[in-house]
């Protein structure tokens, strides 16, 4: 495995780290007024922080992602996949760990090391379940800010994220404009559309109508795996595109020559979705899906951007944006990215925009693509050179 990692120009063996914050008597005050603490944050870092502490980049992961952006864990087997953006983050890559210090944390409410509904409630000794307070994208970002402060980083070179990670990235730009030189939102939106909310509601209902959900109190017993698998199947369709599904599956049959005239998986696309759903239940928590999809549905910064003027929070003169969309993304279509660009320009922002032609749908930003790598490399190099001259 070590030779494979070296040949792949990977960051190599990495380790998940943990930081506990918002402890009594200073819990985090959430947007809805609830208090939460202590909070444990799982995170990973790659590269080295410069002496000037001016090369730090925060990457925000998507809905079901985690802090494992690149590299391998020491416990990985030879067939284990590297981090989810390994093609983009590493030595000499688009986000170059020989030049930049990369940070990624698991979001609040998730289930991959950061406090969420599956975590133990210190007051009861049991899992929070639905006693976990409703959190927003803003609350996730406020938690990340505590981590960045803990790491002693006064200002980030860039904040980058795709999909739900792009929402976090935009929230960072609004909440803490003085904390970053640049912002790169990818395949994202200023607010969830009715279409996106509708798909999330179907996913939530799939879980909440599973007889094993038990109003969220399923820890230590049978989990709502069927509902979670169906929720993932629904979500996965939104991550693809008509073109991608026609190219990959068409109407091809799954390991058979004739239709079964029953309810087996006759078509390859049926088998694929069942596989994706069943795989998901082994790595994700159903309650976390409920909380994160709801946080995404609540996300809406249109008014906050549109009311920003020359004296307000989005107008730090040195802050630059690179907005990226994908032509076949029907979850967050390019028109939504263009709306974001227009809103940012109206508020006096320095904005670059690129639509990448792809038939891979919403998840295209997670697929190796030289065009994305070149965009990242060039934009970040320009930002870093600019601040080095200050």
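Using N, Cα and C of the backbone, Cβ positions are placed for all residues, glycine too.
For 55-366, the entry in Swiss-Prot reads domain 'AB hydrolase-1', with the evidence type sequence analysis. Look at Swiss-Prot and you will find 163 tagged as active site, nucleophile. Residues annotated as substrate binding site in Swiss-Prot, with sequence analysis given as evidence: 232, 363. Summarising the annotation, Swiss-Prot assigns active site to 329, 362.
All features noted in Swiss-Prot, drawn onto the structure.
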residue	record	DSSP (3 states)
163	active site, nucleophile	coil
232	substrate binding site	helix
329	active site	coil
362	active site	helix
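Its Cβ taken as reference, residue 363 (substrate binding site) is surrounded by 21 other Cβ atoms within 10 Å in the chains shown. Cα separation, residue 363 (substrate binding site) to residue 163 (active site, nucleophile), rounded: 9 Å. With respect to the residue listed as 'active site, nucleophile', the closest of these recorded positions in Cα terms is 362, chosen from 232, 329, 362. Cβ neighbours within 10 Å of residue 232 (substrate binding site), excluding its own Cβ and spanning all shown chains: 22. When the alpha carbons of residue 329 (active site) and residue 232 (substrate binding site) are compared, the span between them is 18 angstrom.
Other Cβ atoms within 10 Å of the Cβ of residue 362 (active site), summed over all protein chains shown, number 24. Cα separation, residue 232 (substrate binding site) to residue 362 (active site), rounded: 15 Å.
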